[in-house]
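Q: If you scroll down you'll find the structure; I have some questions about it.
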(Lines of atoms letter the chains of each structure in order from A and count residues from 1; the text may use other names and numbers.)
(Lines give C-alpha, C1' and ligand atoms only; values in the text may rest on other atoms or scores of the structure.)
Protein backbone atom coordinates (compact mmCIF):
# COMPACT_ATOMS: atom_id res chain seq x y z
CA UNK A 1 0.00 0.00 0.00
CA UNK A 2 2.72 2.45 0.94
CA UNK A 3 4.66 1.27 -2.08
CA UNK A 4 1.82 2.49 -4.25
CA UNK A 5 2.25 5.88 -2.58
CA UNK A 6 5.82 6.30 -3.82
CA UNK A 7 5.67 4.28 -7.04
CA UNK A 8 2.72 6.35 -8.26
CA UNK A 9 5.13 9.28 -8.61
CA UNK A 10 7.28 10.03 -11.60
CA UNK A 11 9.83 12.16 -9.78
CA UNK A 12 9.94 13.20 -6.17
CA UNK A 13 11.44 15.89 -4.03
CA UNK A 14 13.37 18.91 -5.16
CA UNK A 15 14.87 16.93 -8.06
CA UNK A 16 11.68 17.70 -9.98
CA UNK A 17 12.32 21.44 -9.86
CA UNK A 18 12.10 23.18 -13.25
CA UNK A 19 15.46 24.70 -14.18
CA UNK A 20 15.69 28.46 -13.73
CA UNK A 21 16.89 28.87 -17.32
CA UNK A 22 13.76 27.09 -18.58
CA UNK A 23 11.64 29.57 -16.66
CA UNK A 24 13.52 32.84 -16.74
CA UNK A 25 12.38 34.06 -20.17
CA UNK A 26 8.74 33.53 -19.19
CA UNK A 27 9.27 35.14 -15.80
CA UNK A 28 10.86 38.16 -17.44
CA UNK A 29 7.75 38.58 -19.60
CA UNK A 30 5.52 38.89 -16.54
CA UNK A 31 4.71 42.36 -15.22
CA UNK A 32 7.19 43.39 -12.54
CA UNK A 33 5.99 45.34 -9.55
CA UNK A 34 7.55 48.77 -9.12
CA UNK A 35 6.41 48.90 -5.49
CA UNK A 36 9.49 50.03 -3.52
CA UNK A 37 8.28 48.05 -0.52
CA UNK A 38 8.87 44.81 -2.44
CA UNK A 39 12.44 44.26 -1.30
CA UNK A 40 12.90 40.88 -2.97
CA UNK A 41 10.76 39.78 -5.92
CA UNK A 42 10.97 37.95 -9.24
CA UNK A 43 13.98 39.77 -10.55
CA UNK A 44 16.34 38.25 -8.03
CA UNK A 45 16.95 34.53 -7.74
CA UNK A 46 16.63 34.72 -3.97
CA UNK A 47 15.01 32.11 -1.76
CA UNK A 48 11.78 33.94 -0.86
CA UNK A 49 9.84 37.13 -1.59
CA UNK A 50 10.17 39.95 0.95
CA UNK A 51 7.79 42.88 1.40
CA UNK A 52 8.53 45.69 3.82
CA UNK A 53 5.61 46.71 6.05
CA UNK A 54 7.37 48.99 8.56
CA UNK A 55 10.82 50.39 9.14
CA UNK A 56 11.76 47.41 11.27
CA UNK A 57 9.52 44.78 9.75
CA UNK A 58 9.08 42.91 6.49
CA UNK A 59 7.00 39.90 5.51
CA UNK A 60 8.85 36.90 4.03
CA UNK A 61 6.66 34.77 1.76
CA UNK A 62 7.52 31.49 0.12
CA UNK A 63 5.86 28.41 -1.36
CA UNK A 64 7.30 24.94 -1.94
CA UNK A 65 5.70 21.60 -2.79
CA UNK A 66 6.67 18.37 -4.51
CA UNK A 67 5.85 14.67 -4.95
CA UNK A 68 6.95 12.03 -2.45
CA UNK A 69 10.56 10.86 -2.41
CA UNK A 70 10.10 8.46 0.53
CA UNK A 71 7.68 5.58 1.18
CA UNK A 72 6.22 6.74 4.47
CA UNK A 73 3.50 9.42 4.03
CA UNK A 74 4.11 10.90 7.50
CA UNK A 75 7.85 11.20 6.88
CA UNK A 76 7.11 12.75 3.49
CA UNK A 77 4.96 15.36 5.25
CA UNK A 78 7.75 16.27 7.68
CA UNK A 79 10.32 16.59 4.86
CA UNK A 80 8.04 18.72 2.68
CA UNK A 81 7.39 21.05 5.62
CA UNK A 82 11.06 21.32 6.65
CA UNK A 83 11.87 22.13 3.02
CA UNK A 84 9.14 24.77 2.67
CA UNK A 85 10.08 26.46 5.96
CA UNK A 86 13.74 26.56 4.98
CA UNK A 87 13.42 29.48 2.54
CA UNK A 88 12.27 31.74 5.36
CA UNK A 89 15.32 30.78 7.42
CA UNK A 90 17.66 31.28 4.48
CA UNK A 91 16.52 34.93 4.36
CA UNK A 92 17.28 35.36 8.06
CA UNK A 93 13.57 35.36 8.94
CA UNK A 94 11.33 33.72 11.52
CA UNK A 95 8.43 31.54 10.31
CA UNK A 96 5.09 32.59 11.81
CA UNK A 97 2.37 30.93 9.74
CA UNK A 98 1.92 28.23 7.12
CA UNK A 99 -0.80 26.96 4.76
CA UNK A 100 -0.98 23.43 3.33
CA UNK A 101 -0.90 22.86 -0.42
CA UNK A 102 -2.10 19.32 -1.13
CA UNK A 103 -2.77 17.18 -4.20
CA UNK A 104 -3.95 13.63 -3.60
CA UNK A 105 -5.17 10.77 -5.85
CA UNK A 106 -8.74 9.67 -5.29
CA UNK A 107 -7.70 6.00 -5.55
CA UNK A 108 -5.32 6.04 -2.58
CA UNK A 109 -6.56 5.57 1.00
CA UNK A 110 -7.39 8.86 2.72
CA UNK A 111 -5.44 7.76 5.82
CA UNK A 112 -2.30 8.37 3.80
CA UNK A 113 -3.39 11.94 3.22
CA UNK A 114 -4.02 12.23 6.94
CA UNK A 115 -0.48 11.02 7.65
CA UNK A 116 1.08 13.49 5.23
CA UNK A 117 -0.79 16.38 6.85
CA UNK A 118 0.08 15.14 10.35
CA UNK A 119 3.78 15.02 9.44
CA UNK A 120 3.67 18.51 8.00
CA UNK A 121 1.78 19.88 11.00
CA UNK A 122 4.32 18.37 13.40
CA UNK A 123 7.20 20.16 11.63
CA UNK A 124 5.32 23.48 11.51
CA UNK A 125 4.73 23.11 15.24
CA UNK A 126 8.40 22.31 15.86
CA UNK A 127 9.23 25.50 13.95
CA UNK A 128 7.03 27.48 16.33
CA UNK A 129 4.73 28.61 13.51
CA UNK A 130 0.96 28.32 13.21
CA UNK A 131 -0.63 26.00 10.67
CA UNK A 132 -3.56 28.14 9.58
CA UNK A 133 -5.31 26.37 6.69
CA UNK A 134 -4.67 25.27 3.16
CA UNK A 135 -6.10 23.91 -0.04
CA UNK A 136 -6.45 20.32 -1.29
CA UNK A 137 -7.39 18.90 -4.68
CA UNK A 138 -7.55 15.49 -6.34
CA UNK A 139 -4.70 14.80 -8.73
CA UNK A 140 -3.21 11.67 -10.27
CA UNK A 141 -0.02 12.01 -8.17
CA UNK A 142 0.30 12.96 -4.51
CA UNK A 143 1.99 16.31 -3.91
CA UNK A 144 2.40 18.24 -0.72
CA UNK A 145 4.03 21.38 0.51
CA UNK A 146 3.36 24.64 2.29
CA UNK A 147 3.05 28.33 1.68
CA UNK A 148 5.00 29.85 4.56
CA UNK A 149 4.89 33.39 5.91
CA UNK A 150 7.68 34.77 8.03
CA UNK A 151 8.89 38.02 9.47
CA UNK A 152 12.28 39.68 9.24
CA UNK A 153 13.78 42.99 10.22
CA UNK A 154 14.66 44.41 6.77
CA UNK A 155 17.98 45.66 8.13
CA UNK A 156 18.85 42.07 9.04
CA UNK A 157 17.60 40.54 5.81
CA UNK A 158 20.18 38.07 4.43
CA UNK A 159 20.41 37.82 0.65
CA UNK A 160 21.82 34.82 -1.19
CA UNK A 161 24.22 36.80 -3.41
CA UNK A 162 26.01 39.23 -1.11
CA UNK A 163 29.13 37.43 0.16
CA UNK A 164 32.21 39.53 0.94
CA UNK A 165 35.79 38.88 -0.11
CA UNK A 166 37.65 37.13 2.70
CA UNK A 167 34.49 35.42 4.04
CA UNK A 168 34.46 31.81 5.12
CA UNK A 169 31.85 29.39 3.73
CA UNK A 170 30.03 26.96 6.00
CA UNK A 171 27.72 24.15 4.83
CA UNK A 172 25.31 22.86 7.48
CA UNK A 173 24.04 19.55 6.07
CA UNK A 174 25.71 16.66 4.26
CA UNK A 175 25.25 16.30 0.49
CA UNK A 176 24.07 13.24 -1.43
CA UNK A 177 20.37 13.03 -0.53
CA UNK A 178 19.23 12.71 -4.16
CA UNK A 179 21.71 9.96 -4.99
CA UNK A 180 20.86 7.92 -1.88
CA UNK A 181 17.13 8.13 -2.59
CA UNK A 182 17.74 7.18 -6.24
CA UNK A 183 19.62 4.07 -5.06
CA UNK A 184 16.77 3.30 -2.67
CA UNK A 185 14.15 3.57 -5.41
CA UNK A 186 16.28 1.34 -7.64
CA UNK A 187 16.18 -1.23 -4.79
CA UNK A 188 19.95 -1.22 -4.42
CA UNK A 189 20.00 1.26 -1.55
CA UNK A 190 21.46 0.91 1.90
CA UNK A 191 18.99 1.06 4.78
CA UNK A 192 21.34 2.99 7.08
CA UNK A 193 22.20 5.50 4.34
CA UNK A 194 18.53 6.04 3.51
CA UNK A 195 17.79 6.61 7.20
CA UNK A 196 20.61 9.15 7.44
CA UNK A 197 19.32 10.97 4.35
CA UNK A 198 15.78 11.06 5.75
CA UNK A 199 16.94 12.37 9.12
CA UNK A 200 18.92 15.07 7.32
CA UNK A 201 15.93 16.13 5.19
CA UNK A 202 13.65 16.26 8.23
CA UNK A 203 16.00 18.58 10.04
CA UNK A 204 14.85 22.22 10.30
CA UNK A 205 17.38 24.82 9.18
CA UNK A 206 15.96 26.93 11.97
CA UNK A 207 18.50 25.52 14.42
CA UNK A 208 21.38 26.88 12.35
CA UNK A 209 19.84 30.30 11.72
CA UNK A 210 18.92 30.68 15.39
CA UNK A 211 22.66 31.22 15.92
CA UNK A 212 22.99 33.95 13.28
CA UNK A 213 22.26 37.12 15.32
CA UNK A 214 25.59 37.07 17.16
CA UNK A 215 27.69 36.91 13.99
CA UNK A 216 28.42 38.81 10.76
CA UNK A 217 26.50 36.75 8.22
CA UNK A 218 26.93 38.30 4.77
CA UNK A 219 25.02 35.83 2.59
CA UNK A 220 23.02 32.65 3.00
CA UNK A 221 21.06 30.27 0.78
CA UNK A 222 19.59 26.82 1.21
CA UNK A 223 20.92 24.07 -1.03
CA UNK A 224 17.98 22.42 -2.76
CA UNK A 225 17.05 21.11 -6.20
CA UNK A 226 19.78 22.84 -8.20
CA UNK A 227 22.58 21.28 -6.13
CA UNK A 228 25.57 22.86 -4.41
CA UNK A 229 27.22 24.28 -7.54
CA UNK A 230 24.18 26.08 -8.96
CA UNK A 231 23.26 27.56 -5.59
CA UNK A 232 26.93 28.46 -5.20
CA UNK A 233 26.87 30.27 -8.56
CA UNK A 234 23.94 32.37 -7.37
CA UNK A 235 25.90 33.27 -4.27
CA UNK A 236 29.05 34.18 -6.22
CA UNK A 237 27.05 36.57 -8.40
CA UNK A 238 29.17 38.67 -10.75
CA UNK A 239 31.76 40.05 -8.32
CA UNK A 240 33.00 37.10 -6.29
CA UNK A 241 34.44 33.62 -6.59
CA UNK A 242 33.62 30.84 -4.15
CA UNK A 243 36.60 28.57 -3.51
CA UNK A 244 35.23 25.18 -2.43
CA UNK A 245 37.45 22.39 -1.13
CA UNK A 246 35.83 19.15 -2.28
CA UNK A 247 37.74 17.22 0.40
CA UNK A 248 36.03 19.24 3.12
CA UNK A 249 32.45 18.75 1.95
CA UNK A 250 30.20 16.85 4.34
CA UNK A 251 28.80 13.90 2.35
CA UNK A 252 26.20 11.36 3.51
CA UNK A 253 27.49 7.81 4.01
CA UNK A 254 27.41 5.65 0.85
CA UNK A 255 26.50 8.57 -1.44
CA UNK A 256 29.93 8.56 -3.11
CA UNK A 257 29.80 4.78 -3.60
CA UNK A 258 26.38 5.04 -5.24
CA UNK A 259 27.57 7.93 -7.43
CA UNK A 260 30.55 5.85 -8.57
CA UNK A 261 28.08 3.12 -9.51
CA UNK A 262 26.25 5.68 -11.70
CA UNK A 263 23.17 5.68 -9.46
CA UNK A 264 22.54 9.28 -10.37
CA UNK A 265 19.41 11.25 -11.07
CA UNK A 266 17.86 13.07 -14.00
CA UNK A 267 17.83 16.17 -11.81
CA UNK A 268 21.59 15.85 -11.31
CA UNK A 269 22.11 15.63 -15.07
CA UNK A 270 19.93 18.72 -15.61
CA UNK A 271 22.03 20.54 -13.03
CA UNK A 272 25.21 19.46 -14.85
CA UNK A 273 23.85 20.88 -18.11
CA UNK A 274 22.88 24.13 -16.39
CA UNK A 275 26.39 24.65 -15.04
CA UNK A 276 27.99 23.95 -18.42
CA UNK A 277 31.51 25.35 -18.50
CA UNK A 278 31.04 27.89 -15.72
CA UNK A 279 32.98 25.65 -13.32
CA UNK A 280 36.20 23.78 -14.16
CA UNK A 281 35.57 20.17 -13.18
CA UNK A 282 38.49 18.37 -14.82
CA UNK A 283 40.38 17.86 -11.54
CA UNK A 284 37.35 16.50 -9.71
CA UNK A 285 36.73 12.71 -9.78
CA UNK A 286 33.43 11.66 -11.37
CA UNK A 287 31.71 10.54 -8.16
CA UNK A 288 32.43 13.84 -6.43
CA UNK A 289 31.18 15.78 -9.44
CA UNK A 290 27.87 13.97 -9.08
CA UNK A 291 27.72 14.96 -5.40
CA UNK A 292 28.26 18.59 -6.42
CA UNK A 293 25.36 18.39 -8.92
CA UNK A 294 23.08 16.23 -6.77
CA UNK A 295 19.65 17.80 -6.18
CA UNK A 296 19.10 18.16 -2.45
CA UNK A 297 15.62 17.93 -1.00
CA UNK A 298 15.46 20.01 2.18
CA UNK A 299 19.22 20.55 2.02
CA UNK A 300 21.41 22.56 4.36
CA UNK A 301 22.43 26.19 4.37
CA UNK A 302 25.47 27.59 2.59
CA UNK A 303 26.57 30.49 4.77
CA UNK A 304 29.09 33.22 3.94
CA UNK A 305 30.35 34.56 7.27
CA UNK A 306 33.10 37.01 8.19
CA UNK A 307 36.20 34.86 8.80
CA UNK A 308 36.80 36.35 12.26
CA UNK A 309 33.40 34.88 13.26
CA UNK A 310 33.69 31.59 11.36
CA UNK A 311 35.09 29.38 14.13
CA UNK A 312 32.58 30.61 16.73
CA UNK A 313 29.61 30.36 14.37
CA UNK A 314 30.63 26.86 13.31
CA UNK A 315 30.98 25.74 16.92
CA UNK A 316 27.56 27.21 17.75
CA UNK A 317 25.89 25.53 14.75
CA UNK A 318 27.61 22.19 15.47
CA UNK A 319 25.90 21.98 18.87
CA UNK A 320 22.68 21.10 17.00
CA UNK A 321 24.05 20.18 13.55
CA UNK A 322 27.34 18.34 14.14
CA UNK A 323 27.75 17.62 10.42
CA UNK A 324 28.28 21.34 9.61
CA UNK A 325 31.71 22.10 8.14
CA UNK A 326 33.84 24.92 6.83
CA UNK A 327 33.98 24.12 3.11
CA UNK A 328 35.67 27.09 1.51
CA UNK A 329 36.20 30.81 1.23
CA UNK A 330 35.23 33.85 -0.82
CA UNK A 331 37.62 35.86 -3.01
CA UNK A 332 37.29 38.71 -5.49
CA UNK A 333 36.10 37.42 -8.83
CA UNK A 334 38.72 35.22 -10.47
CA UNK A 335 38.48 33.35 -13.77
CA UNK A 336 35.37 31.38 -12.78
CA UNK A 337 32.57 32.06 -10.27
CA UNK A 338 33.46 28.83 -8.43
CA UNK A 339 36.93 27.31 -8.02
CA UNK A 340 37.03 23.69 -6.90
CA UNK A 341 40.04 22.41 -4.96
CA UNK B 1 61.14 29.78 -8.27
CA UNK B 2 57.92 31.60 -7.50
CA UNK B 3 57.03 32.04 -3.83
CA UNK B 4 53.52 32.77 -2.61
CA UNK B 5 52.98 34.05 0.94
CA UNK B 6 49.77 33.32 2.83
CA UNK B 7 48.78 34.82 6.14
CA UNK B 8 46.47 32.31 7.80
CA UNK B 9 47.01 33.63 11.33
CA UNK B 10 43.80 33.46 13.32
CA UNK B 11 42.02 31.46 10.66
CA UNK B 12 40.22 28.30 11.78
CA UNK B 13 40.93 24.91 10.20
CA UNK B 14 40.54 23.91 7.43
CA UNK B 15 41.02 27.44 6.01
CA UNK B 16 44.87 27.31 6.14
CA UNK B 17 44.82 24.09 4.09
CA UNK B 18 42.24 25.47 1.66
CA UNK B 19 44.28 28.65 1.13
CA UNK B 20 47.43 26.56 0.60
CA UNK B 21 45.76 24.32 -1.96
CA UNK B 22 44.37 27.37 -3.74
CA UNK B 23 47.85 28.94 -3.91
CA UNK B 24 49.35 25.69 -5.26
CA UNK B 25 46.87 25.89 -8.16
CA UNK B 26 48.28 29.31 -8.96
CA UNK B 27 51.91 28.15 -9.20
CA UNK B 28 53.44 28.02 -12.68
CA UNK B 29 54.36 24.66 -14.27
CA UNK B 30 57.91 24.76 -12.88
CA UNK B 31 56.50 24.73 -9.35
CA UNK B 32 57.45 26.97 -6.43
CA UNK B 33 57.12 27.58 -2.70
CA UNK B 34 54.06 28.39 -0.64
CA UNK B 35 54.88 29.93 2.73
CA UNK B 36 51.90 29.84 5.09
CA UNK B 37 51.83 31.64 8.42
CA UNK B 38 49.70 29.78 10.95
CA UNK B 39 49.23 30.09 14.70
CA UNK B 40 48.53 26.52 15.78
CA UNK B 41 50.03 23.04 15.56
CA UNK B 42 46.88 21.46 14.15
CA UNK B 43 47.12 23.70 11.09
CA UNK B 44 50.75 22.59 10.58
CA UNK B 45 49.73 18.94 10.83
CA UNK B 46 46.86 19.38 8.38
CA UNK B 47 49.01 21.22 5.84
CA UNK B 48 51.70 18.54 6.24
CA UNK B 49 49.15 15.76 5.67
CA UNK B 50 47.89 17.46 2.52
CA UNK B 51 51.45 18.04 1.27
CA UNK B 52 52.57 14.46 1.93
CA UNK B 53 49.46 13.08 0.25
CA UNK B 54 50.34 15.01 -2.90
CA UNK B 55 54.08 14.35 -2.88
CA UNK B 56 55.11 17.93 -1.98
CA UNK B 57 57.90 18.56 0.51
CA UNK B 58 57.03 20.48 3.63
CA UNK B 59 59.01 22.23 6.33
CA UNK B 60 57.94 24.35 9.28
CA UNK B 61 59.69 26.68 11.72
CA UNK B 62 58.54 29.06 14.41
CA UNK B 63 58.15 32.63 13.33
CA UNK B 64 57.04 35.38 15.69
CA UNK B 65 54.07 34.12 17.70
CA UNK B 66 53.29 31.47 15.14
CA UNK B 67 54.82 29.16 12.57
CA UNK B 68 55.89 29.49 8.96
CA UNK B 69 55.10 26.36 6.97
CA UNK B 70 56.84 26.06 3.61
CA UNK B 71 55.35 23.75 1.02
CA UNK B 72 57.64 23.14 -1.96
CA UNK B 73 55.98 22.02 -5.15
CA UNK B 74 58.18 20.56 -7.88
CA UNK B 75 57.13 19.74 -11.46
CA UNK B 76 57.20 15.98 -10.74
CA UNK B 77 54.86 16.56 -7.83
CA UNK B 78 52.46 18.69 -9.85
CA UNK B 79 52.41 16.15 -12.68
CA UNK B 80 50.39 13.93 -10.31
CA UNK B 81 51.19 10.56 -11.79
CA UNK B 82 48.53 8.11 -10.66
CA UNK B 83 50.21 5.84 -8.16
CA UNK B 84 49.80 2.20 -9.15
CA UNK B 85 50.19 -0.53 -6.59
CA UNK B 86 52.60 -3.42 -6.79
CA UNK B 87 52.09 -6.87 -8.28
CA UNK B 88 52.91 -9.47 -5.64
CA UNK B 89 53.49 -13.14 -6.42
CA UNK B 90 53.03 -15.80 -3.76
CA UNK B 91 54.96 -18.93 -4.78
CA UNK B 92 54.68 -20.66 -1.39
CA UNK B 93 52.24 -20.65 1.52
CA UNK B 94 55.00 -19.68 3.98
CA UNK B 95 57.28 -16.65 4.03
CA UNK B 96 61.03 -17.15 3.83
CA UNK B 97 63.24 -20.22 4.28
CA UNK B 98 63.56 -22.07 7.58
CA UNK B 99 60.92 -23.10 10.08
CA UNK B 100 57.50 -23.49 8.44
CA UNK B 101 55.52 -22.57 11.56
CA UNK B 102 57.39 -19.31 11.71
CA UNK B 103 57.05 -18.95 7.93
CA UNK B 104 53.29 -19.37 8.18
CA UNK B 105 53.05 -16.66 10.84
CA UNK B 106 55.24 -14.34 8.82
CA UNK B 107 53.02 -14.82 5.79
CA UNK B 108 49.92 -14.07 7.86
CA UNK B 109 51.49 -10.89 9.22
CA UNK B 110 52.71 -9.82 5.78
CA UNK B 111 49.29 -10.14 4.17
CA UNK B 112 47.70 -8.33 7.11
CA UNK B 113 50.27 -5.53 6.65
CA UNK B 114 49.27 -5.22 3.01
CA UNK B 115 45.76 -4.28 4.18
CA UNK B 116 47.22 -1.41 6.20
CA UNK B 117 49.44 0.33 3.63
CA UNK B 118 48.20 3.47 1.87
CA UNK B 119 48.33 2.16 -1.69
CA UNK B 120 46.99 -1.38 -1.73
CA UNK B 121 48.68 -3.78 -4.19
CA UNK B 122 47.28 -3.84 -7.70
CA UNK B 123 47.37 -7.57 -8.15
CA UNK B 124 48.20 -10.70 -6.13
CA UNK B 125 49.14 -13.93 -7.95
CA UNK B 126 49.10 -17.26 -6.11
CA UNK B 127 50.90 -20.17 -7.73
CA UNK B 128 52.51 -23.47 -6.80
CA UNK B 129 52.40 -23.79 -2.96
CA UNK B 130 50.97 -20.25 -2.82
CA UNK B 131 47.72 -21.62 -4.28
CA UNK B 132 46.84 -22.93 -0.80
CA UNK B 133 46.55 -19.36 0.52
CA UNK B 134 43.35 -18.68 -1.42
CA UNK B 135 41.45 -21.79 -0.43
CA UNK B 136 38.61 -21.92 2.04
CA UNK B 137 40.69 -23.15 4.98
CA UNK B 138 43.36 -20.48 4.56
CA UNK B 139 43.98 -18.36 7.65
CA UNK B 140 44.69 -15.27 5.52
CA UNK B 141 41.30 -15.37 3.80
CA UNK B 142 39.81 -12.49 5.81
CA UNK B 143 42.74 -10.18 5.01
CA UNK B 144 42.54 -11.13 1.34
CA UNK B 145 38.86 -10.20 1.40
CA UNK B 146 39.82 -6.81 2.87
CA UNK B 147 42.32 -6.30 0.06
CA UNK B 148 39.80 -7.36 -2.54
CA UNK B 149 37.37 -4.80 -1.11
CA UNK B 150 40.07 -2.16 -1.54
CA UNK B 151 40.34 -3.01 -5.23
CA UNK B 152 43.22 -5.50 -5.26
CA UNK B 153 42.84 -8.14 -7.97
CA UNK B 154 43.37 -11.66 -6.57
CA UNK B 155 44.18 -14.52 -8.98
CA UNK B 156 45.27 -18.11 -8.47
CA UNK B 157 47.04 -20.28 -11.06
CA UNK B 158 44.55 -22.78 -12.50
CA UNK B 159 47.14 -25.41 -13.37
CA UNK B 160 48.37 -25.33 -9.75
CA UNK B 161 44.85 -25.75 -8.35
CA UNK B 162 44.41 -28.75 -10.65
CA UNK B 163 47.78 -30.23 -9.70
CA UNK B 164 47.06 -30.10 -5.97
CA UNK B 165 43.40 -31.05 -6.61
CA UNK B 166 42.10 -28.10 -4.61
CA UNK B 167 40.16 -26.26 -7.32
CA UNK B 168 36.85 -26.84 -5.52
CA UNK B 169 38.30 -25.23 -2.38
CA UNK B 170 39.16 -21.89 -3.98
CA UNK B 171 37.43 -19.25 -1.82
CA UNK B 172 38.49 -15.90 -3.27
CA UNK B 173 39.43 -14.20 -6.52
CA UNK B 174 39.57 -15.67 -10.00
CA UNK B 175 41.52 -18.43 -11.74
CA UNK B 176 44.30 -17.32 -14.04
CA UNK B 177 46.84 -18.79 -16.45
CA UNK B 178 50.55 -18.44 -17.19
CA UNK B 179 49.94 -16.07 -20.08
CA UNK B 180 48.14 -13.54 -17.87
CA UNK B 181 50.71 -13.90 -15.10
CA UNK B 182 53.55 -13.29 -17.56
CA UNK B 183 51.79 -10.37 -19.21
CA UNK B 184 50.92 -8.59 -15.95
CA UNK B 185 54.38 -9.14 -14.43
CA UNK B 186 55.92 -7.80 -17.60
CA UNK B 187 53.89 -4.59 -17.57
CA UNK B 188 54.00 -3.97 -13.82
CA UNK B 189 55.96 -1.02 -12.48
CA UNK B 190 56.98 -3.15 -9.53
CA UNK B 191 56.75 -6.92 -9.05
CA UNK B 192 57.49 -8.58 -5.70
CA UNK B 193 58.06 -12.32 -5.61
CA UNK B 194 57.78 -14.15 -2.31
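Cβ atoms here come from the backbone N, Cα and C positions, even for glycine.
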Q: Among A:184, A:190, A:210, A:222, which is the one TrEMBL gives for the Mg(2+) site where A:47, A:87 also bind?
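A: That Mg(2+) site, as TrEMBL gives it, pairs A:47, A:87 with A:222.
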Q: Give the distance between the Cα atoms of residue A:134 (ATP binding site) and residue A:87 (Mg(2+) binding site), rounded to the nearest whole Å.
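A: So the alpha carbons of residue A:134 (ATP binding site) and residue A:87 (Mg(2+) binding site) sit roughly 19 Å from each other.
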Q: Suppose the Mg(2+) site is A:47, A:87, A:222. Which further residues of the same chain have a Cβ inside 8 angstroms of that site's Cβ centroid?
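A: Close Cβ neighbours, site residues excluded: A:46, A:48, A:62, A:86, A:88, A:89, A:90, A:91, A:160, A:221, A:224.
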Q: What's the most sparsely packed of the binding-site residues A:64, A:222, counting other C-beta atoms within 10 A?
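A: With the binding-site residues A:64, A:222, fewest surrounding Cβ atoms within 10 Å: A:64.
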Q: Under DSSP, the domain 'PurM-like N-terminal' (A:45-152) has how many residues in helix, strand and coil?
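A: When I sort the residues of the domain 'PurM-like N-terminal' (A:45-152) into the three classes, I find 35 helix, 46 strand, 27 coil.
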Q: In terms of DSSP three-state secondary structure, what is the assignment for residue A:17 (ATP binding site)?
A: coil
Q: If I take the Cα of residue A:47 (Mg(2+) binding site) as reference, which of the binding-site residues A:17, A:64, A:136 has the closest Cα?
A: A:64
Q: Long-range neighbours only, meaning 6 or more apart in sequence with Cβ under 8 Å: which ones does residue A:17 (ATP binding site) have?
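A: A:66, A:224, A:225, A:226, A:267, A:295 - these are the non-local Cβ neighbours of residue A:17 (ATP binding site), listed in sequence order.
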